[in-house]
Every structure is written in C-alpha cells, then in structure tokens.
Amino acid sequence: MQTLTIIRPDDMHLHLRDGDALKAVAPYTARQMGRAVIMPNLKPPVVSVADALAYKARIMAALPEGSAFEPLMTLYLTDQATPALVREAKAAGIVAFKLYPAGATTNSDSGVTDLFKLIPVLEEMAKQGILFLVHGEVTDPEIDIFDREAAFIGRVMKPVLAQVPNLKVVFEHITTAEAARLVLEAGDNVAATVTPQHLLLNRNDLLVGGVRPHHFCLPVLKRETHRQALVAAVTGEKAHKFFLGTDSAPHAKSAKENACGCAGMFSAMTAIELYAEVFEKAGALDKLEAFASKNGARFYGIPENTDTITLVKQSQTVPASIPYGDGELVPMRAGGEIGWTVQY
C-alpha cells in the first residue's frame, strides 16, 4: 500500500470560531496540524492584544489533553489601528494583522474602509516584521462578485505594495489566475495561501444541477481556468510562494441550508487528505510537503515542525455531518470518498 510521510503540516488560514463551536472543531485541526494562523473575525472581532491572548487561552482549553498544537494569533485590522498597536502586538507574539475590507465576508462589518489612510500602520508592520494578511476583494456594489479579487489587485494591492515595498504580505485564499500571477511576479515579500476547495472545485460545483450551499464560500468559486491556474501555481517553478491555508470556516447546517446561507466550507476534518488528492492528480505528490509543511513556516520565519504525519493511499468516506454545538456541521466532501487517509 502506498504511503507518504511528510513533516507535520501547518494551516496558515483557519477559522476556529468560539464557545461550543470552537470545542467542536478545534480537535480536528489539532490532530493533523502542528500550528494554525487563527483568523480574528469573531463577534466582536479580535482587535486588541488582550482580545487575542484571551482567545488563545480559550483555544488551548478546547484542545484534546496532551495536544502539542499551537495557535498563531492575529489581530483584526480596523480604521482605528495605530503604529503603537503594531508594536504592542509584536511584543506579545502576535504574528499578523488581517485585512477585511468592510463588508467583504463573514463578520467583516468592522473592517477597513480606506486602507490608504493606514499606510503609517503598514509601515510599522514592515518595520516590526509583522505580516499583513489580506482578504483581497473590493466591496463596491457595482463590481461583479466574480471580479472582486481581480479588481482588488489593481485598485489596492499593487498601490499598497508600491507605497510599502518591504511589507510582508499574504494574499489569502487566492481564487484567480490574476492573483496567482501577482504573487508569481511580486518580490519574495509576497506569498499566498490556497484552499482545498479552490484547488478542487469550480463554480459549476456551486451552481450546476441545483445550488450547492455547502460549496458556497468567499471568495466565491471561480471558472475552471482559474482552478487550473492555481494548481499550476502551487506545483510550478515558484511553488515556494504558495502554502496551505484551508480557510476552513464552520457554519451550522441550518445556517448554510438557508434562504440567505452563510459563506464558508469546513475542511479541517480531512484537510491534508484533500490537498494530497490535488497534488496526486497533478502528478506532483513530491511537492505536497513543501506546500503543506515548509513554505508557510519559512515565510512566517518560524521553524518547521519536528514531527511527521503519514498518509496512506486508502479510501475513506467523509461523514454526512458531525455534531456542532446544538446542531450539526457538514464537512467538505460530506458523504463522499477521499482516496487518502491519515494514520493516527
């Protein structure tokens, strides 16, 4: 039977929620990943160092006994952010600030309205070596939802990189050929995370044969040509600029199967197996370890994990749902098969 042993991976873009939801989902990430970069879009958002440290304590309390998993904490960037906050965050071990353009995604109401007014804050991030994590979509109502990432590149990303050229930027959960091209052409201070859904699915999987609410995420799934461009990027010559970030974003089944359903896919349960499928299909299984376990750590300036995990070429059936607080949660590929299984 084919096996693949790799350095334990890290999830560089994860939503863990809070309360009972946190307790339901954290163990799934902790059994696969050594570390994860924790997104700060709670209600209310994680905007202060005290918020982040309190949230980290709640995450640690939700982990299985004996778990070595480490959450890497971030702050939610707001219009009120200051260079002093950046310095305080750095001193407290916060790894990054996350940009949510106001209204772009779940719990982004407190997001930034004009990033260019925060240039002094971004300059301080560059000085302190704190990363800038970007949800790269414009929110103007006149811009088509399928074009919002591409529009963001010209309107925001390129001008910001020109003004703060040494800022370390992660273009999060990229979904388009344009975003991949930007990262490929930018300096080594610019990298990107890529989700399993954007490597495996296209917008037909969302809309053909009926609306599939469990395939609805933001940024929304794009054309097949974009999916192919992402696969080419993560397996190509400059693959070191791309790394694993699931954007696993749990919502109760009742909130997804809804007249106005929530955006987000829960992939943490079988994340590394889904990525293995991508790399296997691309004939690039030998590049999975760098994507999952090396590139992100290097970009963040942290050591690689010292232990390993082993994947077996053995099919598994993903559960139709799992308990989630008072309700249930539908994982990615629910009820379907994945050709790889992690040996726990």
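Numbers here mean position along the shown chain, with the first residue as 1.
Even glycines carry a Cβ here, placed using N, Cα and C.
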(message) Going by the Zn(2+) 1 site in Swiss-Prot, where His13, His15, Lys98 are listed, which of the candidates Asp247, Asp286, Asp307, Asp326 is also part of it?
(response) Asp247
(request) Kindly point out which candidate in His135, His214 is recorded by Swiss-Prot as part of the Zn(2+) 2 site with Lys98, His173. (result) His135
(message) Of the residues His198, His251, only one is listed by Swiss-Prot in the substrate site with His15, Leu16, Arg17, Asn41, His135, Leu218, Ala263. Which is it?
(response) His251
(message) Long-range neighbours only, meaning 6 or more apart in sequence with Cβ under 8 Å: which ones does His251 (substrate binding site) have?
(response) Cys262, Gly264, Phe266, Leu329
(message) Residues other than Lys98, His135, His173 within 8 Å, Cβ to Cβ centroid, of the Zn(2+) 2 site?
(response) His13, Met39, Leu99, Tyr100, Thr105, Leu133, Val134, Gly136, Glu172, Asp247
(message) Given a separation of at least six residues and a C-beta threshold under 8 Å, show me what packs close to His15 (Zn(2+) 1 binding site) in the same chain.
(response) Ile38, Met39, Asn41, Asp247, Ser248, Ala249, Pro250, Gly264
(message) I need the nearest neighbour of Lys98 (Zn(2+) 1 binding site) among the binding-site residues Leu16, Arg17, His135, His173, Leu218, using C-alpha distances.
(response) His135
(request) Could you tell me which of these binding-site residues, His13, Arg17, Lys98, His135, His173, has the fewest other Cβ atoms within 10 Å of its Cβ? (result) Arg17
